[in-house]
Amino acid sequence: MSNLRKFKDEERESEYGRVYAVSGPVVTAEAMSGSAMYELVRVGYYELVGEIIRLEGDMATIQVYEETSGVTVGDPVLRTGKPLSVELGPGIMGSIFDGIQRPLRDIGVMTNSIYIPKGVNTTALSRSEMWEFNPLNVRVGSHITGGDLYGVVHENTLVKQRMIVAPRAKGTVRYIAPAGNYNLEDIVLETEFDGEITKHTMLQVWPVRQPRPVTEKLPANHPLFTGQRVLDSLFPCVQGGTTAIPGAFGCGKTVISQALSKYSNSDVIIYVGCGERGNEMSEVLRDFPELTCEIDGVTESIMKRTALVANTSNMPVAAREASIYTGITLSEYFRDMGYNVAMMADSTSRWAEALREISGRLAEMPADSGYPAYLGARLATFYERAGRVKCLGNPEREGSVSIVGAVSPPGGDFSDPVTSATLGIVQVFWGLDKKLAQRKHFPSINWLISYSKYMRALDEYYDKNYPEFVPLRTKVKEILQEEEDLSEIVQLVGKASLAETDKVTLEVAKLLKDDFLQQNSYSPYDRVCPFYKTVGMLRNIMAFYETARHAVESTAQSDNKITWNTIRESMGGIMYQLSSMKFKDPVKDGEQKIKADYDQLYEDLQQAFRNLED
């Protein structure tokens, strides 16, 4: 009996395994019995960060999130006993992390180098920085559970971090810190449950692969305004929605996702650069601090509401996979405070390629185009973490996470496995067109193939705030579709042989394409287009279409019939005004003046047609 192994002897068991084989970012280790799936390990003498992705006997397969050159067989592998997690707390906004939440700015200061050294071990959030903590109405003796708010930290002038009790914690409050300055290691809350005392700091740690719990998911009902006319009017997304932007190289995916992060009506932006060019991330870092948005009459830098997860194409492949999960976990943390968060993933194709590379190293059975068979499932687990929710705990609050994923299919081919898997999951599809981009028509959204499944959900919002908008949108889509059908005839027989009403349709479609759907992201007047301006422009163009068509149809049988040429000659001024509606600057001119100008143009337009018909 005496030589039987007892449980207490297990503690003597070594926490070290040994490296058995190395293949690129995939390391196999032996003597790893007792370790768990997705456990975080430190590989080799440099202590490289890795994660267990397969267990077989006492062998573990580890994907390493750093460069593995120099790791040899027999090197130690240290088990940490916890999953890959991110730190959540004050200090996230305005910072830039890599795929596994290492703070790039701090590492740069610490090492004085432009490269990240191997096995660097820094905390994601600064432990020494002091934050001003203000307790909410939580007193000693009150009962709290996971998700309850117990304090507020003003992280900066744009974002107030509401301190949340960790989702699994509960108990009676024994101590709550008075208002004052604390760092992330100071205890601000103590709870007791079943005689067990738990101490809480302002810092929470959460595993990235696990969604944060919520009370219930709610249907989305408020639009995510992007400031891009073509998207807001024809293919709207909702707060808490999922969107894909597939497009070939040079079509302007990054410009659209940057415009979204600059001008959308979200409270917090998480921008994940996943395997894209390094200079795109540096462009974001250069532009965002200079960009401002106005909140309650005060101009603030946009960087204050943004966190960047940068994982450029020359960083280790495995970390690309983690970067998407890091980004979505940060987003869920702010959602739980009751904010509307927008997460940009640029681009999910690179993430899928990282999956493909790791899967190839593991010798798994490849499916379509060499991607692993679980590609669709992985994409779904990521996109399904979006949504509008009722948050855990008290007071009652609602938050949302909207995901906008850019997809770059090779050669702009939308039948690529990543694109087709993504389109099966997301609700909004903004398809970018190479031909439009070559014609310098930006944003190069192809209005014939794009779609949004949120139209029905948003009808109530539009009816309440912009009652004339829905019929206008339907009419625009009809005109653009009609123009597509007519263009084939025009190529065969020329414009002159068309019916007069068709000529009107063609000209109005041209007006729509050149002066409504096109938008210059680099001009002060047009880089963002508020929704009232979009609706005003639509109303006037459609009024012109209806009246012109009516004038042509009603006089077709009479002697002095009005043709399109007559209209064009007598309406030069009106048509010029219609095409220059976009030059009204929402910042300089203001909402009142723009609306008044558009109403005046509407009156002039009706009057001009009355004069013409008389």
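Yeah, the Cβs are placed from backbone N, Cα and C, and that goes for glycine too.
Here Swiss-Prot flags Gly247, Ala248, Phe249, Gly250, Cys251, Gly252, Lys253, Thr254 as ATP binding site. Within its own chain, Phe249 (ATP binding site) has Ser408, Gly412 as residues 6 or more apart in sequence whose C-beta sits under 8 angstroms from its own.
Within the set of binding-site residues (Gly247, Cys251, Gly252, Lys253), the lowest number of other Cβ atoms found within 10 Å of a Cβ is recorded at Gly252. Sorted by the number of other CB atoms within 10 A, the binding-site residues Ala248, Thr254 start with Ala248, the lowest. In sequence order, Lys434, Ala437 are the residues of the chain that are 6 or more apart from Gly250 (ATP binding site) and have a CB within less than 8 Å of its CB.
For the ATP site, the Cβ centre of Gly247, Ala248, Phe249, Gly250, Cys251, Gly252, Lys253, Thr254 serves as reference, and the other residues of the chain with Cβ at most 8 Å from it are Ser408, Leu432, Ala437, Ser444.
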